[in-house]
Amino acid sequence: MDTHVRGTIRGAIDLMRIGNAVAAGVLTFTGAFVAGGFAVTTAHVTGAVAATIFATAAGNAINDYFDRAIDKINRPMRPIPRGAISERGAIVFSGFLFVAAVVSTSVLPLIAIVLALMNLLALVAYTELFKGLPGVGNAIVAYLTGSTFLFGAAAIGRITDFGVVVLFILAALATATREIIKDIEDLDGDRKEGLQTLPIVIGVTPAYRVATGVLLVAVIASIVPYVIGIFGIWYLTLVVPADMIMLIGVWQAPDNPTQGQQLLKRGMFVAAAAFVVGRAVVVAGI
């Protein structure tokens with residue numbers, strides 16, 4: 001295999017951001033488990049997880065295509081700016097991944113398929129229309145991230161499970177916080193491209209205050225399952241540290257936005273683990 005082919009394959013792999021795609025699949029599985037415990041249908045959950053991974057990878061690829069000019073400034077080592085994959089190649093590859101995602105949904109209940117189609121439309125709308133609008137792009141990304149949990153629950157026919165709904169809200173709010181901080185980090189490149197992100201429109205300090213306020217709502221929401229008795233003390237022992245990690249992340253964000261984003265992401269995954277443990281304890285009768 002020659003160097004050019006290896007470089008293209010590496011570029012395609014980087015374009016998918018496999019770590020993020022697999023993480024989204026894990027969140028979908030988490031949603032199914034929180035909603036149904038151990039009584040889940042393997043084929044449905046597998047289809048939902050596969051669809052999430054393919055759709056997330058496709059979304060990353062198409063997002064990089066539309067962001068190719070901005071990434072020359074903000075992230076020059078991404079596959080398209082560094083020349084690892086062509087613009088046309090990125091479009092074709094993302095189309096292949098979207099088809100794989102659609103095929104994966106064929107085993108799912110109708111409600112899950114409808115949710116998948118809604119998310120696909122939201123993703124396309126985000127990349128082509130709303131990404132540069134203040135708050136709107138952040139809200140769409142927040143919804144899409146949180147909806148991975150709903151999708152897992154929908155795959156087993158339990159999309160209205162209260163625990164999953166709270167998890168959706170928590171993840172969406174935490175993601176909104178992270179997206180605003182990311183916009184602060186990308187301020188220079190976004191301004192040069194004429195985007196109207198929240199920090200550009202209202203200023204960095206007000207945007208940071210909005211991000212902090214949104215996260216505080218998420219922290220309050222995370223306690224609700226314990227307060228109303230859905231999950232017990234084992235849930236609380238994990239979700240409180242998760243909240244602390246996210247709060248530290250937003251506190252560090254003004255001085256180190258990259259570190260703040262990483263802590264917010266880690267805190268969200270710890271919170272997801274808290275929901276898994278909370279459901280497992282209930283199912284086991286501990």
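Placed from the backbone N, Cα and C atoms, the Cβ positions cover glycine too.
Computed from a predicted structure; not experimentally measured.
Taken from Swiss-Prot as is:
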- 21-41: transmembrane segment (TRANSMEM)
- 42-62: transmembrane segment (TRANSMEM)
- 96-116: transmembrane segment (TRANSMEM)
- 133-155: transmembrane segment (TRANSMEM)
- 162-181: transmembrane segment (TRANSMEM)
- 214-234: transmembrane segment (TRANSMEM)
- 235-255: transmembrane segment (TRANSMEM)
- 266-286: transmembrane segment (TRANSMEM)
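Among the listed stretches 21-41, 42-62, 96-116, 133-155, the one sharing the most Cβ pairs under 8 Å with the transmembrane segment (162-181) is 133-155. In this chain, the transmembrane segment (214-234) does not touch the transmembrane segment (133-155); fewer than three CB pairs sit within less than 8 A of each other, excluding pairs fewer than 6 residues apart.
If one looks beyond the transmembrane segment (266-286) by at least 6 residues along the same chain, the residues whose Cβ comes under 8 Å of a Cβ in the stretch are 23, 26-27, 30, 33-34, 37-38, 149, 163, 167, 170-171, 174-175, 222, 225, 230-232, 234-236, 238-239, 241-246, 249.
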